[in-house]
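**Q** Pasting a structure below so you can have a look.
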Amino acid sequence: MKNITILGAGVMGHGAAQLFAQAGKNVHIRARRESSLEKARELITDSLKIMVEKEILTENEMEQTLGRITYTTDLHEAIQDADFILESIPEDLEKKLDTYDIIESVVSDKTIISSNTSTFPIKELTQRAKHPERFIITHFFNPPQLVPIVEIVKVDDTSEDVVNTTYDIMKEIGKSPVVLKKEITGFIVNRVQVAMLREAFNLMEKGVATAEDIDVAMKGSLGFKWAFCGPMESQDLAGLQTTQAMVGNILQDLSNTREVPSFLSEMVENDQLGIRTNEGFYNYDDNGENAIHTRDDNFLELQKLSQEK
């Protein structure tokens, strides 16, 4: 699997293109507008330069990576020789289905078609597919060139060969793939994340802690530990009798609401969207550029440390 196509040049698309190219794959990245491709090219170059500064890549490796990426607005050109396609276009089902129709009319029967969706189940994505067995979900996390995990989601229609090949590709590009045993809304990570956010929002609504308090507490505890010792392993190390007692004492007092917090809805209604509007749980004056740079810088340090272990 040498020829990879990324459909969509947004946050996930350009990061995935960089990721595959770094791993030695020939990459076509396709967007509808030239301006989107130029932005993607700029972001990929900037990201690679930071990796060179951090001594994760050499200058030569950066140039080789850039040389493996082709940018195009032509869908047919992007997909005609693809072995593996990652669809990362906006979460509009009809647009996705129309795109898949074109893909299946052009590519080889052996081409694997994957989606980065976290919204639609595979059955909806394949409702018009000629070969539903070659469709699969590969859910990356932002920024995909740095965050190791990829959730692989299959259904009964998905061929085992497609699952195994996709798993192998993810390993080749340096990812830590997890294959879900069955499809479920939100997959693994987002379900756990939303459960934690529900309780964090509950603590804020009750006046127990501020957003900043919660961030500091989590970064200095679970965030620190879970990078190298996940929640289940952590319980083994603590002792399951301790876990049983802790869960028994706290569980009944946790929030079990199924409603979006009113304060969060009000923030969205008031255009407090985070870095996009320079205001969210925190205030920004640069569309979050410094915050993103700091985040990615820390991710790179963690990645470097992980590679050295």
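Counting begins at 1 with the first residue displayed.
Using N, Cα and C of the backbone, Cβ positions are placed for all residues, glycine too.
Unlike curated entries, TrEMBL annotations are predicted automatically.
Straight from TrEMBL, here's the annotation block:
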type	residues	note
BINDING	S47, K54, S118	CoA binding site
DOMAIN	3-182	domain '3-hydroxyacyl-CoA dehydrogenase NAD binding'
DOMAIN	186-284	domain '3-hydroxyacyl-CoA dehydrogenase C-terminal'
SITE	H139	site 'Important for catalytic activity'
**Q** In the structure shown, which of the recorded positions K54, H139 has the fewest Cβ neighbours within 10 Å?
**A** K54
**Q** Restricting the comparison to the binding-site residues S47, K54, S118, which residue's C-alpha is spatially nearest the C-alpha of H139 (site 'Important for catalytic activity')?
**A** S118
**Q** Please give the CoA site's span as the largest CA-CA distance among S47, K54, S118, to the nearest whole angstrom.
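**A** Site span for CoA, by Cα atoms: 32 Å.
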**Q** Using a Cβ-Cβ cut-off under 8 angstroms and a sequence gap of six or more, which residues of the chain neighbour S47 (CoA binding site)?
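**A** S47 (CoA binding site) has long-range Cβ partners G15, Q18, P143, Q145, D296.
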**Q** I want to check the contact list for S118 (CoA binding site): same chain, sequence separation of six or more, C-beta distance under 8 angstroms. What comes out?
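**A** In sequence order, the residues whose Cβ lies under 8 Å from that of S118 (CoA binding site) (at least 6 apart) are H139, G186, F187, N190.
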**Q** State the three-class DSSP label for S118 (CoA binding site), counting H, G and I as helix, E and B as strand, and everything else as coil.
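**A** S118 (CoA binding site) sits in coil per DSSP, no helix or strand.
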**Q** Under the DSSP assignment, what numbers of helix, strand and coil residues are found in the domain '3-hydroxyacyl-CoA dehydrogenase C-terminal' (186-284)?
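**A** The breakdown for the domain '3-hydroxyacyl-CoA dehydrogenase C-terminal' (186-284) reads 61 helix, 3 strand, 35 coil.
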**Q** Mind looking up the mean pLDDT for the domain '3-hydroxyacyl-CoA dehydrogenase C-terminal' (186-284) in the predicted model?
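**A** Looking only at the domain '3-hydroxyacyl-CoA dehydrogenase C-terminal' (186-284), pLDDT averages out to 96.
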